[in-house]
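Colleague: Found this in TrEMBL, in case it helps:
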REGION    1-65  region 'Disordered'
COMPBIAS  26-45  compositional bias 'Low complexity'
BINDING   T117, D191, E216, K246, D250  substrate binding site
DOMAIN    251-412  domain 'S-adenosyl-L-homocysteine hydrolase NAD binding'
BINDING   G282, E283, V284, G285, K286, G287, E303, N406  NAD(+) binding site
Amino acid sequence: SQQIQFADDMQEFTKFPTKTGRRSLSRSISQSSTDSYSSAASYTDSSDDEVSPREKQQTNSKGSSNFCVKNIKQAEFGRREIEIAEQDMSALISLRKRAQGEKPLAGAKIVGCTHITAQTAVLLETLCALGAQCRWAACNIYSTQNEVAAALAEAGVSVFAWKGESEDDFWWCIDRCVSVDGWQPNMILDDGGDLTHWVYKKYPSVFKKIRGIVEESVTGVHRLYQLSKAGKLCVPAMNVNDSVTKQKFDNLYCCRESILDGLKRTTDVMFGGKQVVVCGYGEVGKGCCAALKALGAIVYVTEIDPICALQACMDGFRVVKLSEVIRQVDVVITCTGNKNVVTREHLDRMKNSCIVCNMGHSNTEIDVTSLRTPELTWERVRSQVDHVIWPDGKRVVLLAEGRLLNLSCSTVPTFVLSITATTQALALIELYNAPEGRYKQDVYLLPKKMDEYVASLHLPAFDAHLTELSDDQAKYLGLNKNGPFKPNYY
């Protein structure tokens, strides 16, 4: 069947057996890039109605049925969610107002595959306001807010997504976005690379005519570089994941605010005086450590990179090997983006009721597979919380089965998502309007000037006032007084 046909070049992604046996391509990738932006903010239960949305005939108030969502009747409720998100995404709204006249995306036909939440909806409606036509699918089978999808469908966006899709539904939705009579996409906005891969494999003629791809996740960017290396990338692509406005904000500040939220909602743990080990001191690890330290936890850090290790020491954290502290710690948090950071041997040595969770990009950091053995008992305590019980009665508390804690168990601050979404919108505008030949068939980072523009759009929210260089000062520093102020490698 279609969804297995690219398993050959995706071998490494398909080696994670899960409870439901081996899931094929989309879910194995989902474990990383498409981990669920939890439905903590979604009040619709996927089990409330057993009829598949694919079986239902639904139309919006204008008589259009060019969408497939759980229940179009929830549109009004979804609209309220989007309006609430808009309050904290003022930069996107101001971009919308500034560029609405000139419509920089007029003629753009964007096919997108991202988490479908109220925050993404604000991005989507901004793209439409700037002149684009959009067709959208979800990059994750659990993360869609059904009421938001309904509101988008009511507003006339062709959206194909609902919470709790099956494997087959997932690819069907992506396919419905791409293969339409009389409509051919010329831009791709992707999160995780599934959509790009599908178009590349199944619609090579469409792929060749794409003017640009914008990708925001680690996994998706990795797959783009693989295509590029193999000489198969015939369109320019923008790597938003590594742009300053994503790395230094989404990864650091977002985790600083959402790590405690995810842990509190699932375990009600008290952090004062608790011993916690954070594996990895990159941007995500730095955010997690800062939040835990502020609540009075005793924080240890593990690190392979001497520079990050030295930063951790300077910030007042003990840098240790995991095996040195595993017997005494109360919480273990992984933030490395690597695999097998917490092994079965570590899990065997943990003390009773130790909490184990992951904030890194994929669910390979904790060796969860090694816990699915007959001698251990799994007990589902509440949503996203499992107690794994050893024969002697010791239990380890595993959160979200080792998947992304903040996206699976809580929500992510809207303001930070506004920064990432504005970056994505500008990357689309840049690629779509670039003169012939500015971008070759390769993967690019966003120009620094645009990172700085995104940051400046968010300053009014804090009533922050920038100082301007005098001509003399600008000359002294060898800078243009309007920027870019950072070198390209920053």
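Glycine residues also receive a Cβ, built from the backbone N, Cα and C atoms like all the rest.
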Colleague: Measuring CA to CA, name the entry from the binding-site residues T117, D191, K246 that ends up nearest V284 (NAD(+) binding site).
Modeller: K246
Colleague: Taking each of T117, D191, E216, K246, D250 in turn, which of these binding-site residues have a Cα lying within 10 angstroms of the Cα of N406 (NAD(+) binding site)?
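Modeller: The binding-site residues passing the 10 Å Cα test: none.
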Colleague: Rounded to the nearest Å, what's the C-alpha distance separating G285 (NAD(+) binding site) and D250 (substrate binding site)? Just drop the number here, would you?
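Modeller: D250 (substrate binding site) has its Cα 12 Å from the Cα of G285 (NAD(+) binding site).
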Colleague: Minimum Cβ neighbour count within 10 Å among the binding-site residues G282, G285, G287: which residue?
Modeller: G282
Colleague: List, in sequence order, the same-chain residues at least six positions removed whose CB sits under 8 Å from that of E283 (NAD(+) binding site)?
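Modeller: The answer is Q247, K248, N251, L252, C255.
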Colleague: Taking the Cα atoms as reference points, how far is E303 (NAD(+) binding site) from D250 (substrate binding site) in Å?
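Modeller: Each residue's Cα considered, E303 (NAD(+) binding site) and D250 (substrate binding site) end up 21 Å apart.
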Colleague: Over all pairs in G282, E283, V284, G285, K286, G287, E303, N406, the listed NAD(+) binding residues, work out the largest Cα-Cα distance in Å.
Modeller: 22
Colleague: Which ones in the same chain are close to D250 (substrate binding site), with CB under 8 Å and 6+ residues apart in sequence?
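Modeller: Looking at Cβ-Cβ distances below 8 Å from D250 (substrate binding site), excluding near sequence neighbours, one finds V416, L417, I419, T420.
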Colleague: How many whole Å apart are the CA atoms of G282 (NAD(+) binding site) and T117 (substrate binding site)?
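Modeller: Here the two Cα atoms are 27 Å apart.
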Colleague: Would you report the average pLDDT that the model assigns to the domain 'S-adenosyl-L-homocysteine hydrolase NAD binding' (251-412)?
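Modeller: It averages 93.
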Colleague: How many whole Å apart are the CA atoms of G287 (NAD(+) binding site) and K246 (substrate binding site)?
Modeller: 14
Colleague: When neighbour density is defined as the number of other C-beta atoms within 10 angstroms of a residue's C-beta, which of the binding-site residues D191, E303 has the lowest density?
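Modeller: So among D191, E303, the binding-site residues given, the one with the fewest Cβ atoms within 10 Å is E303.
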Colleague: Would you mind reading off the Cα separation of D191 (substrate binding site) from K286 (NAD(+) binding site), to the nearest angstrom?
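Modeller: Counting only the Cα atoms, the answer is 24 Å.
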Colleague: Take the Cβ of N406 (NAD(+) binding site) and count every other Cβ within 10 Å, whichever protein chain it belongs to.
Modeller: 28
Colleague: State the count of C-beta atoms found within 10 angstroms of the C-beta of K246 (substrate binding site), not counting that atom itself.
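Modeller: Result for K246 (substrate binding site): 24 neighbouring Cβ atoms inside 10 Å.
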Colleague: Which chain-mates of K286 (NAD(+) binding site) that are at least 6 residues away have a CB under 8 A from its CB, listed by sequence?
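Modeller: K286 (NAD(+) binding site) has long-range Cβ partners L252, R256, Q311, D315.
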